[in-house]
Amino acid sequence: MGDGAVDDNGGVAGDQLVTPWNLSISSGHNLLRDPHHNKGLAFTERERDAHYLHGLLPPTVFTQELQEKKVMHLIRQYEVPLQRYIAMIDLQERNERLFYKLLVDHVEELLPVVYTPTVGEACQKFGSIFRRPQGLYISLKDKGQVLEVLRNWPQRFIQVIVVTDGERILGLGDLGCQGMGIPVGKLSLYTALGGVRPSACLPITIDVGTNNEKLLNDEFYIGLKQHRARGEEYAELLEEFMTAVKRNYGEKILVQFEDFANHNAFELLNKYRNTHLVFNDDIQGTASVVLAGLLSALKLLGGTLSDHTFLFLGAGEAGTGIAELIALQISKQTGVNVEEARKKIWLVDSKGLLVSSRKESLPHFKLPWAHEHEPINNLLDAVKEIKPTVLIGTSGVGRQFTQEVVEAMSSNNEKPLIMALSNPTSQAECTAEEAYTWSQGRAIFASGSPFDPVTYEDKVFVPGQANNAYIFPGFGLGLIMCGATRVHDDLLLAASEGLASQVTDENFAKGIIYPPYSCIRTISAHIAASVAAKAYELDLASVLPRPNDLVKFAESCMYSPTYPNYR
């Protein structure tokens, strides 16, 4: 296995014996307090003898399956989602493998608990529920010594960093240092869904202050109580961070930027994409998962991508990122240049349709989407005028797809594709029930946060969830397992195609354009294989020779949450 592979004793299970190292061999009380090796009541009699555990545990021995059943029973007793989140985090800090076993085996039930939408509320209340530090905090106070701070992290072999500055957490705005819940949650999914070892994952929050006055006046706020640093001061800290990361962890460390505000997100991605292995999930991950949904929806809509017209509500990171990837795919399929492909795609921001007469006042990332057209200042008129076949919401503002908008989409199209992608659920542009009801059951609907199935005129509709969790775990695994050194846009297209290929005829029959989460590890393995294959094709991979069967190789690299047997 090459040096980019992710398997070590984190991936073994069954009868193979491993030593629970923790600088010294863990035993007794210390072993029970070590979340990486603790098995609780699942320690066997022989393990209790060997590691001085007798008397420190009740005499019964549980299987991991029985522990799982017990914990799920307890979690289901909580009616408030935040209580379930706290219970899961407590389990992660107590017994890491059991936490991941639960998440892998009950992914559809627990994903909304450890990720969107509940993680948004957890970030808002992070100061109140803060117990033990998770991840690494780097603040303006650490300027000049970021490398030393990185070296305080106990794990040395890191493969993935998810980093945020907390300025744009989901659709909730500036949560400052409390945004740590996002990197922690994302990396939980890297492990559970993508099989990257927990010890190879590092969540980081860069605290440059906050402009959220409520937090600044909160005595329990855990971050720097000052307004956000901007300009040179901000850029210097980020430059020091990126340099230190590469120096400490090497060329192949994957850095995922998460929930940065628009201006910083684009700037950081453009600045470091040619020197580091970087990925912005809000721009690129969202784009990839939405493109996958569009590619699979073509089976229901008919035609090719270039036959459709796309209208976006929201022209920030997500909207422009998705639009660019769609244009890139159209360009590759048809042979037209990207500039020409962009003409099929229209964007509406808070001031109306992006048109050429507005170019003087638009930021650089919106300029490619300002087409020749008369100004239109609202979404409904844009839908009537542009007559899109696909409507995509990335505005971060709820209830913008009104009944009139959905009815206008339905009058133009037999099967309107409506994607209300803003998170959390409260910020979705419309609900699944509204989309199906207002379109008289004709809409194909997908959202960013989960919605329950909807019954309309005796037919059950299952909404798709265009959740980044489909893409980034498998995408990251693919980069790691082939030792990729840079992220190329073609790798994102490969991930989209890999995900779309996993949607079955049975799914299409129910109007579902994304595969069920129940087989997410298989999906991630196929995405990883697609990404790695493209990386080898583009000479971006460093793990040589290329494995013959990349899907099997991806599966062999995945961390197993099943308990190992200790010597």
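Cβ from N, Cα, C; glycine included.
Just so you know, TrEMBL annotations never went through curation; they're auto-generated.
As the structure is a computational prediction, the values presented were derived from the model and not from experiment.
Going by TrEMBL, these are the annotated features:
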- Tyr115: active site, proton donor (ACT_SITE)
- Lys186: active site, proton acceptor (ACT_SITE)
- Arg168, Asn423, Asn467: (S)-malate binding site (BINDING)
- Glu258, Asp259, Asp282: divalent metal cation binding site (BINDING)
- 92-273: domain 'Malic enzyme N-terminal' (DOMAIN)
- 283-536: domain 'Malic enzyme NAD-binding' (DOMAIN)
Using CB atoms and a 10 A radius, I'd like the single residue among the binding-site residues Glu258, Asp282 with the highest neighbour count.
Glu258
Just checking: which of Lys186, Asp259, Asn423 have a Cα that is within 10 Å of the Cα of the residue listed as 'active site, proton donor', counting only these recorded positions?
Lys186
Once the chains shown are all counted, how many other Cβ atoms turn up within 10 Å of the Cβ of Arg168 ((S)-malate binding site)?
23
Distance [Cα-Cα, Å, rounded] between Arg168 ((S)-malate binding site) and the residue listed as 'active site, proton acceptor':
15
Applying the rule Cβ within 8 Å of the centroid of the Cβ atoms of Glu258, Asp259, Asp282, what extra residues of the same chain belong around the divalent metal cation site?
Thr164, Arg168, Ile169, Ile182, Phe257, Phe260, Ala265, Asn280, Asp281, Glu317
I want to check the contact list for Asn423 ((S)-malate binding site): same chain, sequence separation of six or more, C-beta distance under 8 angstroms. What comes out?
Thr116, Pro117, Gly120, Leu170, Gly171, Gly448, Ser449
Run through Glu258, Asp259, Asp282, Asn467 for me and report the binding-site residues whose CA is within 10 Å of the CA of Lys186 (active site, proton acceptor), in sequence order.
Glu258
Do you know offhand how many angstrom separate Asp259 (divalent metal cation binding site) and Asn467 ((S)-malate binding site) by C-alpha?
15
C-alpha of Glu258 (divalent metal cation binding site) to C-alpha of Asn467 ((S)-malate binding site): distance in Å?
15
Widest Cα span across the (S)-malate binders Arg168, Asn423, Asn467, in Å?
18
Taking the Cβ of Asn467 ((S)-malate binding site) as the centre, how many other Cβ atoms fall within a 10 Å radius?
25
